[in-house]
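Novice: This structure is in C-alpha cells; I'll ask about it shortly.
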Amino acid sequence: MKSMIEGVKKDGKKGRRNDRKDSWDKDGFTQRGRAEKKPVDLAKIQGIQGQIGIGKNKGDGNRLDCGMDKEEAEDGKDIMRCRHLSPGGGGMKRLLSEDVRETEGIGWESLGLGPVLLKRIRDIGYDFPSPVQVASIPHVLGGKNLLVRSKNGTGKTASYIVPMLNMINSSELSIQGIILVPIRELALQISRNVKRMSEGTGVISAPVVGGTSMQDDIIRVSNGVHVMVGTPGRIVDLVEKRVGTLSKRVILVFDEADKLLDVTFGETVTKLLDLLPREKQMLLYSATFPYFVTGFIRRYMKNPLCINLMKELAPVGVKQFYTYVKPSEKLLCLKSLLLRLSINQCVIFCNSIKTVELLAMKITEMGLPSYFIHSKMAQEDRNIVFHNFLKGKCKILVATDLITRGVDAPNTNYVINFDISKSPESYLHRIGRAGRFGAPGVAISLVTTEEKEMLMDIEAKLGKEISPLSDKGLSRLHESNIDRNQG
C-alpha cells in the first residue's frame with residue numbers, strides 16, 4: 001500500500017495538495033482524518049424443498065449437517081431472464097437470475113399467510129416469493145426452530161419478517177419479536193422494512209441500536225412495541241433494565257447469524273438468551289455458517305430444521321473478475337475502471353479506515369464525487385452517508401467491511417475490491433452487495449502479486465475460478481451496460 005498514492009500527485013510533489021493543509025506521513029497517507037389464515041399448500045412447495053436440502057441437524061459433534069459441502073458453481077451463462085418485478089410498487093424492470101426465479105409459479109397464497117398480510121404484500125408489489133421464502137415461511141408459521149443458509153440478496157429478510165408479522169398478536173402490547181443484527185445500518189434498514197410491511201396490521205416496531213440516545217430507546221420501548229430490531233448490546237441493555245414487557249413466547253431472529261455468534265458478539269448474545277423467556281422460537285439466517293456455530297445450536301436450539309439453498313456460494317447474477325496490478329498502479333487502475341464502466345452505483349472496499357478515507361478523497365479529486373463510511377465515524381454521520389447513498393445522491397461509496405452484512409443498496413451494479421478481502425467469507429459478503437435479489441452485477445478485485453495466494457484461497461472456497469479481466473473484457477463490460485433498471 002506504500003506507493004498507492006504515487007499515481008496521483010499535485011504540482012509534481014508526492015503527497016502535497018493545494019486545497020488542504022493536511023500533513024502526510026512517509027507512506028503518503030494523511031496523519032489525521034474525519035472522521036384468517038389459509039391452509040399451507042405443502043404439495044405446491046414440496047418440489048422446491050426437495051431440491052434445496054431441508055433436514056434436521058444430525059448433531060454428530062463434528063460438523064453441522066446443513067449444507068456445509070458445496071457443488072461446483074456453474075459458469076453463469078444464459079442464466080438471466082427479463083422479469084417484471086416491482087419491490088417498491090413502482091413497476092421497475094429488473095433482470096433476475098434463476099436462483100430467485102425458480103419459485104415463480106408459486107403464489108404467496110399457498111404459504112399459509114393471513115388476508116391482511118397478503119393484501120399488504122400485493123400492495124407493495126411483490127410478485128412471487130423467492131425460494132428461501134417458500135422454503136422457510138411455512139416452517140416459521142409452524143413454530144419450528146430454523147437454521148437457514150441462503151445466498152446474499154435472495155430475500156432472507158422477508159422470509160422471517162412476513163411470518164413473524166403473521167404470528168404476532170397486535171392486541172397484546174408486548175415484545176413478541178426480536179431481530180438481532182451485527183451492524184447498526186442493517187438494523188435501521190430492517191426496521192424500515194418491518195414498518196413498511198406491517199402497515200395495516202397494527203404491529204408496532206422500533207429500531208434500537210448503539211451510538212444513539214438510550215433514553216429515546218427507553219421511551220419508545222416503554223410506550224409499547226411488538227418488535228425490536230437492533231444490535232445485541234443495546235437490546236441486552238434494554239432487556240436487563242426491564243424496559244417494555246416481554247411476551248411469554250418470543251420469536252428471536254439472528255440475521256447474519258455467523259457474525260452474531262463469533263467472538264465479537266457471542267458473549268453478549270448468550271447473555272441475552274439467558275435474559276429472555278425459556279419459551280422462544282429461534283431463527284438463524286446467513287449465507288455462511290462456520291463450524292463454531294454447531295456448539296451454539298446443540299446448546300440452545302431444540303430440534304432445529306436445516307434449510308440449505310446454497311447450490312453454489314456466490315450470487316449467480318454476479319460476474320467475478322480480478323486483475324493483477326502493482327501497488328504503485330492501483331489508483332490509476334481504479335481510475336480507469338471508474339471512467340470506463342457503466343456504473344449506476346459502486347461500492348469500493350478497502351481493508352483499513354485510513355485507506356477508505358484517503359481513497360474517497362482521491363476519487364473525488366478525479367472529478368468523481370464519493371462518500372466514505374466506516375465503523376469509527378459518528379453514528380449520525382454514518383446514517384447521513386448511508387441514507388444519501390441509498391437515495392442515489394452519490395454514485396460511489398468507499399467502505400470497510402462494515403456494510404458487507406445484509407445492507408441492501410439495490411442500484412449497486414459494481415463492487416470493486418481495492419484491497420482484496422482478508423477471508424473468503426468477507427469476499428462472499430462483499431460481492432453480494434452487487435447481486436441483490438438476483439439482479440446482475442459485477443465484482444472486480446485488484447490483486448497484487450503478493451496477494452495471489454489469497455485469491456487462490458477465495459477460489460477454493462467458492463469452488464470456482466475467478467476470471468482475469470482483460471482490456472477486451474473491460475470493453476465488453478462497458479458495452480453490456482449492466483443496468484439494474486433496464487430489462
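The count begins at 1 with the first shown residue.
Using N, Cα and C of the backbone, Cβ positions are placed for all residues, glycine too.
Computed from a predicted structure; not experimentally measured.
Among the features that Swiss-Prot reports, ATP binding site is placed at SER150, LYS151, ASN152, GLY153, THR154, GLY155, LYS156, THR157. Taken from Swiss-Prot, the feature compositional bias 'Basic and acidic residues' covers 19-41. According to Swiss-Prot, the feature domain 'Helicase ATP-binding' maps to 137-307. Annotated domain 'Helicase C-terminal' per Swiss-Prot: 317-478, in sequence order. The region 'Disordered' annotation in Swiss-Prot covers 1-42. Among the features that Swiss-Prot reports, motif 'Q motif' is placed at 106-134. What Swiss-Prot lists as motif 'DEAD box' is 255-258.
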Novice: Pop the mean pLDDT for the motif 'Q motif' (106-134) in here, whole number is fine.
Specialist: 91
Novice: Per DSSP, to which secondary structure element type does LYS151 (ATP binding site) belong, with helix, strand and coil as the options?
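Specialist: LYS151 (ATP binding site) sits in coil per DSSP, no helix or strand.
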Novice: Using a 10 Å radius around each Cβ and all protein chains in view, which of these binding-site residues has the most neighbours: GLY153, GLY155?
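Specialist: Sorting the candidates by Cβ neighbours within 10 Å, the top entry is GLY153.
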Novice: Using a 10 Å radius around its CB, how many other CB atoms surround LYS151 (ATP binding site)?
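Specialist: So the Cβ neighbour count for LYS151 (ATP binding site) comes to 28.
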Novice: For a three-state summary based on DSSP, what are the helix, strand and coil counts in the motif 'Q motif' (106-134)?
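Specialist: Per-class counts: 18 helix, 0 strand, 11 coil.
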